[in-house]
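Engineer: First the structure, then my questions, so here it is.
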Amino acid sequence: MTTTLQQRGSASLWEKFCQWITSTENRIYVGWFGVLMIPTLLTATTCFIIAFIAAPPVDIDGIREPVAGSLLYGNNIISGAVVPSSNAIGLHFYPIWEAASLDEWLYNGGPYQLVIFHFLIGVFCYMGREWELSYRLGMRPWICVAFSAPVAAATAVFLIYPIGQGSFSDGMPLGISGTFNFMIVFQAEHNILMHPFHMLGVAGVFGGSLFSAMHGSLVTSSLVRETTETESQNYGYKFGQEEETYNIVAAHGYFGRLIFQYASFNNSRSLHFFLGAWPVVGIWFTALGVSTMAFNLNGFNFNQSILDSQGRVINTWADILNRANLGFEVMHERNAHNFPLDLAAGEQAPVALQAPAING
């Protein structure tokens, strides 16, 4: 009997690098998507922090009226933001090398484009990295599918909406008050509250919160006791244990009697699929709604839809909402518009039916 020993050829430097990139033994998985994700997210984060603290005012409307967004120019954490790039730039790609100087790039809001482009590439890669790690571990791929909902929402407000409106100045500002301003102006121009897809998104987010609270409270209330009265019940669970840590039959029985039998899940797998799918589908619809409103396919308009026998308008809540929308419309970008299109396009309404008599 002959035994042959063959020494394995040493792996090349590139092969070792590939093995390290795709290794699931690393404390934090890198992956091929991570090779692009890490530098783009670091770039976006660094530029955002610097711009939020120190960026000079930006001529967002393209009318030579800069808007200050950084902390050093008088803002606080609530009012501060990275201001979107100028309407004078429009949809043009505006990297640093396209500007005549760094001052011009800052004045026209170049950092906003730098942040959102790197951020979007980064979150796309994060989603791909979730799939990649699931694949390496032999898991099913639904984690990245769930994350696609916030990715779609971010893409809608940072990319699709500016494309539809024709300028990155219409993108969502990167700050707290800026986000609220974006929401109010969006309502004024697109009536998003009356769009069915936004309604589905509200049902998804609020419903998801409700279902999460219901599930967590039911599980916590039906834990299998493994500890004494003087210990925390959390000590009754050991990571990786095979036994169920709560009694699903008890939880099912409680909820089935609280509402009715078929309102309660008797299958843990279908329950958790439902908990994951409900908010994801809702946010998908909202992102789709924003993406269609980007091209001015707006929410329902029920203004002045009810008339009496004399043809006079009987106001509904839709008309009250429309009054609020017009108020938002006339207040935003005040110096960029001569008059809001929504008001200028309507029929002329006489201020007085007859001239007043003036008695000298």
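Heads up, residue numbers simply count up from 1 along the chain you see.
Heads up, the Cβ atoms here are built off N, Cα and C, so glycines get one too.
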Engineer: Given the ranges 87-108, 197-218, which one is assigned the annotation transmembrane segment in Swiss-Prot?
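Structural biologist: In Swiss-Prot, residues 197-218 carry the label transmembrane segment.
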Engineer: Mind checking which residues of the chain, 6+ beyond the ends of the transmembrane segment (274-288), have their Cβ under 8 Å from one of its Cβ atoms?
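Structural biologist: Counting only partners 6 or more residues beyond its ends, the transmembrane segment (274-288) has Cβ contacts under 8 Å with 142, 145-146, 148-150, 152-153, 155-156, 197-198, 200-205, 207-208, 211-212, 215, 265.
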Engineer: Quick one: which residues besides His215, Ser264, Phe265 have a Cβ within 8 Å of the quinone site's Cβ centroid, in sequence order?
Structural biologist: Met214, Leu218, Ala251, His252, Phe255, Leu271
Engineer: If you run the three-state DSSP split on Ser264 (quinone binding site), which class comes out?
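Structural biologist: SS state of Ser264 (quinone binding site) = coil.
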Engineer: Let me know the DSSP-derived helix, strand or coil state of His215 (Fe cation binding site), please.
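Structural biologist: Looking at the DSSP assignment, His215 (Fe cation binding site) belongs to a helix.
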